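Residues annotated as active site, N6-AMP-lysine intermediate in TrEMBL: K249. Residues or ranges marked as ATP binding site in TrEMBL: R254, R287, E317, F357, R437, K443. Among the features that TrEMBL reports, domain 'ATP-dependent DNA ligase family profile' is placed at 345-484.
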Amino acid sequence: MYFSQLAVYIEKIETTSSRLEITRLLAEIFRRLNIKEIGKTVYLLQGRVVPLFEKTEFGMAEKMVVKATLLALNLERKSFETRNKQIGDLGKTVEEFKSQFPSLEKKDFSILEVYNALLRLATASGEGSQDLKINILADLIRRIDSLSSRYLIRIPLGVMRLGFSDMTVLDSLSWMLKQDKSLRPIIEKAYHVRPDLGFIAQITKQKGVKGLKTIVPEIYTPILMMRAERLSSGKEIIEKIGRCAVQSKYDGFRLQIHYRKSKISTRGKLTSGRKNQNEENVKLFSRSLEDVTYMYPDIVEAVKKEVKATEAIFEGEAIGFNPQTGEFLPFQETVQRKRKYNIAEKTKEIPLKLFAFELLYLNGINYLQTIYAKRREMLRKVIKISGDSAKNTILVAEEEVVPNEKKIELLFNDAISKGLEGIIAKKLDGIYQPGARGWNWIKFKRSYASKINDTIDCLVLGYDLGRGKRTSFGMGAFLVGVYDEKEDKFVTVAKIGTGLTDEEWKKLKVQSSKFKVQKQPSQYSVDKGMECDVWLMPKIVVEIKADEITRSPVHTAGRRLRPTKTRSALEVDIPGFALRFPRLQKFRDDKRSDDVTTLIEVEKMYAKQGS
Ligand code: ATP
C-alpha cells in the first residue's frame, strides 16, 4: 500500500471519535495490507517503528523537524515560523507549505519505504547522526504528498496520538478476519504473551487463529504480568482456592527478568536487520513493560552470577534494604532507585534484594501452562544459592503451604507485624495467566478504617490551574479516571484538590509538563462540569485511597443512559461512581495507562462495600 493511501485513512480516523468507526477503518486498512506491511504499519499508526517496550527513540525535537522541512522545500525560516505560529500545529503547517509545490505531490511512495527510512532515522546514533536524521526526514518530506507529510512528521515528533488503544487494534484484527469482534479473546490472549502489536497483527494476517494459539514467550519480549484478586480473610481464601502457598507481599517493585547466556540477537523480530544493538544478556522489565535494565546494574550483575540457566524468564519483587542492619526499607525509600540519573550512587546507597516468585520460561520450555507447584520447584533449581544466602542478591520468596484459614490469619498477622503490606496466597495447581487478574493469586492486605480495603489505580486526565496558595505549583486540582474496557474510554471518578504534600504537587507538575495536549483526548469521557484547564496524554498513573465509593451524576464512570418505560424515546441517567475523600497514596510510575483499575473492578468494590 502507498503511504498516501494510509494517510487518507489516518485523516478519517483522526476526525471520528466513534470507537466502532475507528475499529472498522483499522480493519479495512489491515485487510488491504500484505503480510510484510501489516506489522510495520501498526507500529507507524502508533507513531513508532518498534514495539512499545523497545527503547528506540527518534531523538528529534521540533527544531530539527523544522530544519528538515526548510531544507526539503527550500523555504525561508521566518515566513515558515510565522505561519506555524498562526496554525499552531507543525504537521498542518508542513502540509500547507508542501501543497504549494504540486510538482512534488508524489503519491506512489510505499509504506515500507517510509518505514525503512524512519527506522534508519530512529537508529542513527553517534557523530553526525543529527545531520543524518535531518537529511533522511528532509528527503521523505520532499518525496511524499502534502497530506502524508502532515502525518509523517508527527511520527518523529512523537505526537501521532490517534486516540485508540492497543485493545481497539486487537478488535480490528478480529474484524479483519470475521467482520465482528468475536475473535478478540483469542487475539488478546496471544497479545498477553507477546505484547508486540506489530507481531500479533502479522501472525493474525499470516496464520489466522491457528497461528495465534501457538504463540509462546520470546526472550526479551516482556510477558504481560499476572495480577492478583483481592480477599479480606483467611476463610474466604481457603473457600476459594483451598490448600495454598502463602508468601509475604513485599512492598517494592515488580521486575520481569529475561536472561540468555549468549548475546542478544534480533532474530525473528519484525525489525530484524538491525545488528546486535545491545550487548547485554539480561533485560529487566517493569510492570508497565518498560525496559528498565539500565536502572538496576546490581540486579543485572546478580542475574549473571546467580541464575543457573541457558535461557530464563522469571519474576520477582525488588526491595531496598539497609546493608548494616539487613532490614528492608519502606516503599518510599526503595522507589528512589527508580531513576534515570545518578544510578551508580543510589545503587550503593540503597542496595536491592530481589525476591523471585515466578518462573515463566526456562531453557526453551514455556512454563505458563505448568501448575504453580511445579513452576516453583523449577524456580528453586534456577536460583543458585552458594553458602551464605544473605550474600545473594536474588532469593526465592519464602512460602508456606497452608491447609486452613487459621494458619493464613497467623501468617497475615506475622507479615503485618513485620511492617509488610500483607500476604499473597497462591493456588497450588494454578497456571500463570499473563495479563489477567485471576484467582490463582489472591492478595490479602491490611484492612483500613474505610469501607473499601483496596486502593484504586487511576489515570490523571488533566488538571485545573491553581488559585490561592497553590498558584506556585500552577495546579489547583487534578481529574482522575478509571478504564472502561467495554468502551475503550477513560471515565472519571474524582477531582482531587487537597491532601498532597508540596513535594507531590511538584512531582505532578513536572510529570504533567511532559504530557500536555491541546485538547481533550478522544479516549476521555468527561462531564462538562468536570472539564479541565489543561489536558494530559494517558500517561500518569496514581494510586488513590478513598473512604467510600458513592454515586454522583458529575462523574462518568458507570454512568449510563437507560430507556424508561414511561418515556421510551427519552433516556434517563444512572449516576456514575465517585470516590469519597480521595487522597493520593503514591505515584505508580511502574504502571501503564492500560494497567489502571477498570470500571468492572470499581463496580465490584462498590457492591462489596455494602456487605
Ligand atoms: P497493589 O496495588 O495491591 O500492590 P498492584 O495493583 O500493584 O497491587 P496486584 O496484582 O494487584 O498489583 O498485586 C500484586 C503485586 O504485589 C505484584 O504486582 C507484585 O508487585 C507485588 N508482590 C509483592 N510480593 C509478592 C509475591 N510474593 N508474589 C506476587 N506478587 C507480589
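The backbone N, Cα and C atoms fix where each Cβ goes, and this holds for glycine too.
Where TrEMBL records a feature, it is marked here on the structure.
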residue : record                                  : contacts (Cβ under 8 Å, 6+ apart)
K249    : active site, N6-AMP-lysine intermediate : A415, L420, E421, G422, I423, I424, K443, K445
R254    : ATP binding site                        : M225, S286, R287, E315, G316, E317, A318, D590
F357    : ATP binding site                        : Q247, E315, G316, E317, L379, V396, A397
R437    : ATP binding site                        : M226, R227, A228, E229, E601
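DSSP assigns R287 (ATP binding site) to coil in the three-state reduction, placing it in neither a helix nor a strand. Site extent for ATP: the farthest pair of Cα atoms among R254, R287, E317, F357, R437, K443 sits 17 Å apart.
Neighbour density for K443 (ATP binding site): within 10 A of its CB lie 18 other CB atoms from the protein chains shown. For R287 (ATP binding site), the number of other Cβ atoms no farther than 10 Å from its own Cβ, over all displayed protein chains, is 22. The Cβ of E317 (ATP binding site) has 22 neighbouring Cβ atoms from other residues within 10 Å, across all protein chains displayed.
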